[in-house]
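Let me begin by presenting the structure, written as structure tokens, before commenting on it.
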Amino acid sequence: MPVTARPTIGVLALQGDVREHAGALERAGARAVPVRRPEELADVDGLVLPGGESTTMSRLLVSFGLLEPLRDRLAAGMPAYGSCAGMILLARQVLDGRPDQQQLGALDIVVRRNAFGRQVDSFEADLEFTGAGGSGEPVHAVFIRAPWVEQAGAGVEVLARVPHTADAGDAADRIVAVRQGSVLATAFHPELTGDERVHRLFVGIAKDAQDAEDAQDAQDADGAEDAEDDVDLVDLEER
């Protein structure tokens with residue numbers, strides 16, 4: 001079986017920790033490229049939507065002509081990973097957002113924007129994270145004015161919740177990482193900790209999608225060859 005080429009993962013380069021995400025993706029085995037224009041989006045195997053300010057990012061998606069192309073690619077099955085504001089953008093619905101805020105709707109979740117509190121700059125916790133690997137070691141998560149998931153649909157896999165600790169407060173047991181098909185999201189910033197396990201998980205998702213697409217292309221090519229052979233056989237019989 002041929003070795004799968006490194007997937008090309010775009011990082012939405014409108015705001016946020018673009019460089020940090022790109023570095024984590026490269027260390028996780030992908031080729032990382034910035035995405036600012038629709039033609040750049042068309043060339044990637046997956047996309048990371050970094051943290052930032054979700055309402056600003058929403059407006060920038062419109063200004064850069066990326067909103068509808070991104071919706072189209074997500075609807076077609078492109079793998080995507082959103083951290084913090086990226087999670088908000090990928091959600092079906094956002095609470096405490098702006099009326100004109102655009103949603104991509106790739107995840108059947110309802111998120112609360114700035115759920116950890118506007119006055120709280122950051123919160124850190126060690127999370128049990130399903131699928132992260134690393135011999136069961138917890139994932140150290142950094143939350144910066146982060147959202148959390150209020151509701152998750154039946155097709156959404158919950159990957160991590162905030163543990164019950166003395167400083168968790170109302171955040172205890174809140175959902176902070178989810179996956180639905182090839183779309184992954186976290187309320188925290190794994191690109192800031194030097195732990196690439198979340199990025200490795202996403203690169204693996206992108207590779208699986210790439211393998212499935214290659215297999216489908218090969219099957220379609222075989223079908224086209226068989227159909228061509230059948231036409232040639234009919235021509236010979238008619239002669």
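Keep in mind that glycine also has a Cβ here, set from the backbone N, Cα and C atoms.
Going through Arg112, Arg113, Arg174 against TrEMBL, the one listed in the L-glutamine site together with Gly52, Glu53, Ser54, Ile144, Arg145 turns out to be Arg113. Across the structure, Arg113 (L-glutamine binding site) and Cys84 (active site, nucleophile) are spaced 9 Å apart at their Cα atoms. It is 8 Å from the Cα atom of Cys84 (active site, nucleophile) to that of Ile144 (L-glutamine binding site).
All protein chains included, Gly52 (L-glutamine binding site) registers 21 other Cβ atoms within 10 Å of its own Cβ. His189 (active site, charge relay system) sits 14 Å from Ser54 (L-glutamine binding site), taking the C-alpha atoms as the reference points. Annotation note: Glu191 (active site, charge relay system) sits in a helical segment as assigned by DSSP.
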